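Engineer: Please see the structure below; I have some questions.
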Amino acid sequence: MTVLDSVGQAASKAASGVGSALATARDRAGSAVAAAPAAGDPQPQPSEEAKESGRYQGVRQHLVDFFEERRMAVAHLREAGFGRRALLKGAKTEALDRLVSLSKPIRSRVLMALRESMKDVALADPDMWSSARLRIASLIDHFWDDLTVYVESVVVDAKDQMLSRAADHAVLENFGSKPCCLGLPWLRARLLYGYLPFDISIFGQIKRPGFWILTLLSITPTYGVRVIFFAILLLCILGGNPPDEYQMVTFILSFKGAQFLSSGVLMACVAAVKYYMCVKPGGVHTCDTNGPGVSQDLVTSSVDFFGSCVLVWIAFLLLPWTASFGAARDLDEDSGGTEKEEGCCSKYDRGRGGRLARLLGYDLLSFLVSCGLIYYLTIEDISAQDETNLQQVATDKDLLLSDLQNWQFRSRVFFGRVTYALLSFPFLIFQLPVLNSILTHTMPTGYNAQGYCVPYLLRPMPEETERQESRHMA
């Protein structure tokens, strides 16, 4: 007997069962109605009528038999295959969930084996110092802990996508209510979506003129433009209530990366060109008028120098009160466009930011080194000009304050800014796409056109583009 024959027999049984059940229910309901007293007849007491004829007991038995036969008909329908699609979908979802859960011990063993293999390769030198050996082993262990956390978060995110728990692009794009035109929320949404979009990669951003304007503002080191731009950006991110952890971490890394490129590399090249132009043959120079840093006033230079340290520390100190929107992929469409507001104290978490705390400690040390360099160059120049003892100059406040008006001091501040910016190079390592998530324990997010922080998800490929690519591949 084939499968089609068995399905046909089950379907015929189901049909006959349903038909017989309906016929029996109709006959018994009719007999029960006929046996019931008319509307005009006197109504006897239920107890006397039950004793005389047992009609109520008969109706009860009819109903019991009807539902028993209906249950048998449903069983025949299930045998025929009705309802199996929903059961199969639920079984598939449960199987995927169990498969991911069962693979966790295997992933852990593989990661641990890779860690030990890497340690064996890194520590294979027999002449390596014991201190260096311990340090390298510790670094590998710490990095592997971060890598394990990152892998598990990626697996959970992939599982949500397989089980259709992740919100699609349309939901993320339309999430939240649109702000009023030309208001502060509207300006905030325009800035965040133009600079930190959730659905556009760097290849799409370079096609937009607004992105180039914002990028130019972020790398302009003169007149404090870069610090003012990132200060406004930080205020916009903090307006999320609560701010997103990934966006705060990205703000710190982007700010320090822009400092390295603009106040570091760019200003160092400018200093070299200006120094070459101001030094003349025969010991003559014009560095007091067009030398490095002389044309910049002390106020804007101080804003760039101190703001580069203070602004990132403000963002870092606010990290424990942030929330993570990168893993919350299942957004409620009926939320009315409102974000959840919870008490700030309930969200406090010192673990936010991953390994970023040590990097901020390094940044503070770099800032102090740059300040020390400016101070040392100042007392060295004053002692050389006035032929005064170096220790005496270092303790003479009036002499130091009088030097603030000299062009040499503006030049020293310029080189101090360059030194501090060049020391920000390690922040560029954290900006690498994979290392960023591994070392900071964050999931990528972005902002939609309404100014709401949502998980990062690229726009779907257009159908026509997919067809053209398939033709080229063929």
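Note that Cβ sites are derived from N, Cα and C of the backbone, with glycine treated the same way.
According to TrEMBL, the protein carries these features:
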type     : residues : note
COMPBIAS : 31-42    : compositional bias 'Low complexity'
REGION   : 31-56    : region 'Disordered'
TRANSMEM : 211-238  : transmembrane segment
TRANSMEM : 250-273  : transmembrane segment
TRANSMEM : 305-323  : transmembrane segment
TRANSMEM : 359-379  : transmembrane segment
TRANSMEM : 414-435  : transmembrane segment
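Describe each of these features in terms of where it is and what it packs against.
Structural biologist: Long-range Cβ contacts of the transmembrane segment (250-273) within its own chain (Cβ-Cβ under 8 Å, at least 6 residues beyond either end) map to 196, 218-221, 226, 230, 233-234, 237, 292-293, 304, 308, 311-312, 315-316, 356, 360, 363, 414-415, 417-418, 420-422, 424-425, 427-428, 430-431, 436.
Remote same-chain residues near the transmembrane segment (305-323) are listed as 224, 227, 230-231, 234, 238, 242-245, 248-249, 251-252, 255-256, 259, 263, 344, 347-350, 352-353, 356-357, 360, 363-364, 367, 370, 413, 416-417, 420-421 (criterion: CB distance under 8 Å, separation of at least six residues from the stretch ends).
Counting residues 6+ beyond its ends, the transmembrane segment (359-379) has Cβ neighbours under 8 Å at 252, 256, 305, 308-309, 312-313, 316, 390, 393-394, 400, 403, 409, 412-413, 415-417, 419-420, 423-424, 426-427, 430 in the same chain.
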Engineer: Any residues 6+ beyond the ends of the transmembrane segment (414-435) with a Cβ under 8 Å from its own?
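Structural biologist: Answer is 221, 252-254, 256-257, 259-260, 262-265, 267-268, 271, 292-293, 296, 301, 304-305, 308-309, 356, 359, 362-363, 366-367, 369-371, 373-374, 377.
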